[in-house]
Amino acid sequence: MASPASSAPGGVAVVGSGLIGRSWAMLFASAGFKVKLYDIEQQQVTYALDSIRKEMKLLEQSGSLKGSRGAEEQLSLISGCSDIREAVEGALHVQECVPENLELKKQLFAQLDGIVGDQVVLSSSSSCLLPTRLFSGLVHVKQCLVAHPVNPPYYVPLVELVPHPETAPATVDRTYALMRKIGQSPVRLTKEVDGFALNRLQYAIISEAWRLVEEGVVSPGDLDLVMSDGLGMRYAFIGPLETMHLNAEETVSCRRWRPVRHSQGGAEGKVHAGSTHLPVARTGGRGRNAADTTKDLPA
């Protein structure tokens, strides 16, 4: 595999011209990459190119267009086609953006596997399909990974990079460098897991949100305010681990504290750890082993 330096502006193929595909095409063009936008029907390609032109013009008028190039120059870098071989010819990176259907994606990657050479990264935009289900058995499996964007990628920079167990480290490095070059914020997952990182966090929040509403603890409207006017504002700037670090110096672990009954008398007594998490501050110094002691937090 080539080094991350090979991620300099060159050819990128975006396969699928829906909202995600159009956003990817705009991002790559904003960084000076030549982009071929592919779809199975020329009518869909034409519609996608027209939509991109309108959006870029509006972004330019509002001063929100990404990159140092003007809209016309960026638009000149994006072309469309309905021939898959033509789309990937000369590409260094292929970004798949077809509907979230396992069999459809597997068929597409099998087709791409028979077309591309040994220097092309094959990347899926899948939000939930594991790399082992998408890429296993491909000749070029070392060049494959998931690069999951947050919808829409043009406005939300996070990209989760999820490798197949056989993905070459150079493939992840190249894709990481490419994502940084186009202004995205890539994160590396060291192994695949259902839901990746973003959706696992999102589903945990949604699950607890439903529970609080169903149990009558808070109204749906107020629950949403907890996020939009509270946690969401905080997490837009710093993540939960950094928040814990700033709130409680030397935090080392997380536990949920809940009241339990003593075995004698049934009186409510000391709290113990449950299955979900709140920060626990570590005490230390003054001759005590800091690693062995924790300070109980209020329930």
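Just so it is clear, glycine is given a Cβ too, placed from its N, Cα and C backbone atoms.
The following features are taken from TrEMBL:
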DOMAIN    12-192  domain '3-hydroxyacyl-CoA dehydrogenase NAD binding'
SITE      HIS148  site 'Important for catalytic activity'
DOMAIN    195-254  domain '3-hydroxyacyl-CoA dehydrogenase C-terminal'
REGION    263-299  region 'Disordered'
What is the number of other Cβ atoms found within 10 Å of the Cβ of HIS148 (site 'Important for catalytic activity')?
-> 25
Averaged pLDDT score, the domain '3-hydroxyacyl-CoA dehydrogenase C-terminal' (195-254) = 90
